[in-house]
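Single-structure report; data block below.
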Amino acid sequence: WEFNGSFYQPSAFLMMGIPGLEALHHWISIPFCALYLTALLGNSMILFIIKKTQSLHEPMYYFLSMLAVTDLGLVLCTLPTTLGVFWFNIRRIGFDACLTQMYFIHILSFIESSVLLAMAFDRFIAISHPLRYPSILTKTTVIKIALAIIVRGMVSLLPIPFLLKRLTYCGKTELSHSFCFHPDIMNLACADIKVNVFYGMIVLFSTVGMDFIFIVLSYILIIKTVISLATKEECLKALNTCVSHICAVLVFFIPMIGLSMIHRFGKNIPPLVNTLVAYTYLIIPPALNPIIYSIKSSHIREALFRTLRRK
């Protein structure tokens, strides 16, 4: 502990695996390793295929590349501490290291949310204004969107580590997960955390909340456009291009909303439920996204088969 008058700050936090199942952590690590390996190989393969296939150098696949890079970042942020807890029971993480991990986990989550919004905008333009699509989403525009997404995530979350660092902490230092999460750290403080709660809610609603609202609005406009199409075949063809993105949105937002609700309102929810929702939120989307796009996107699938045949 570091002591400075009435100010207390722990030198480290203790991470938690799956509560009540500590004796089975070695066995539980097997599905986690499978998910991490799937996420690493799947997203790397998506990036490799898009880079090597000239026909995939389009806005839709540029955004998919951003999603894959973000998913790789999320995996690499949580993999060391999660497997460290499961394999070697390494539960201790330094205070500053914890804040750093938390910052990047939240940044990458917010970036993923924004990329999903950009992909919804891409689908709206492609379906509603197909003739103007190449002139609206140029390479320069895509780069500007990517930079705006990164800057928004970094700037909006920059105060969070400093707001946590100013707090006085009590004797309890045990986190609820095998990674550092803002509400989890905040709830260990014995000081007034109203500023943290208020700022956290503002950032969440102004970024992820607004992204989700605009994604829903995009699909309302897409459905209106699709309904106006002449034939049923055209409607199904247009909607089929959105299926992968809809699945990615549901896989990401449902666990995220659930975890946010649990941390803020779920005082009486069993710790096991909290832990499972958190792992679902951070590990399942990176593992499923490349599978979803490989199955539903014929262009990705064909490029993958061509690559495998050459190998």
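Glycine is treated like the rest: Cβ placed from N, Cα and C.
Annotations in TrEMBL come from automatic prediction, not curation.
According to TrEMBL, the protein has these features:
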TRANSMEM  24-50  transmembrane segment
DOMAIN    42-293  domain 'G-protein coupled receptors family 1 profile'
TRANSMEM  62-90  transmembrane segment
TRANSMEM  102-121  transmembrane segment
TRANSMEM  142-164  transmembrane segment
TRANSMEM  197-222  transmembrane segment
TRANSMEM  243-264  transmembrane segment
TRANSMEM  276-295  transmembrane segment
- The answer for the transmembrane segment (243-264), taking Cβ pairs under 8 Å and residues 6+ beyond its ends, is 67, 109, 112-113, 116, 119-120, 123, 181, 183-184, 187, 204, 208, 212, 215, 219, 273-274, 277-278, 280-281, 284-285, 288-289, 292-293, 296-297
- Note on the structure: With the greatest number of Cβ pairs under 8 Å to the transmembrane segment (276-295), the stretch among 62-90, 102-121, 142-164, 197-222 is 62-90
- Chain residues in Cβ proximity to the transmembrane segment (142-164) (below 8 Å; excluding those fewer than six residues from its ends, i.e. six or more beyond): 59, 62-63, 66, 99-100, 102-103, 106-108, 110-111, 114-115, 118, 182, 185-186, 189, 195-196, 199-200, 203, 206-207
- Message: Taking contact to mean 3 or more CB pairs closer than 8 A (sequence separation of 6 or more), are the transmembrane segment (62-90) and the transmembrane segment (24-50) in contact?
- Response: yes
- Item | Residue numbers, six or more beyond the limits of the transmembrane segment (24-50), whose CB comes under 8 Å of its CB atoms | 17-18, 56-57, 61-62, 64-65, 68-69, 71-72, 75, 79, 82-83, 85-87, 89, 279, 283-284, 286-287, 289-291, 293-294, 300, 303-304, 307
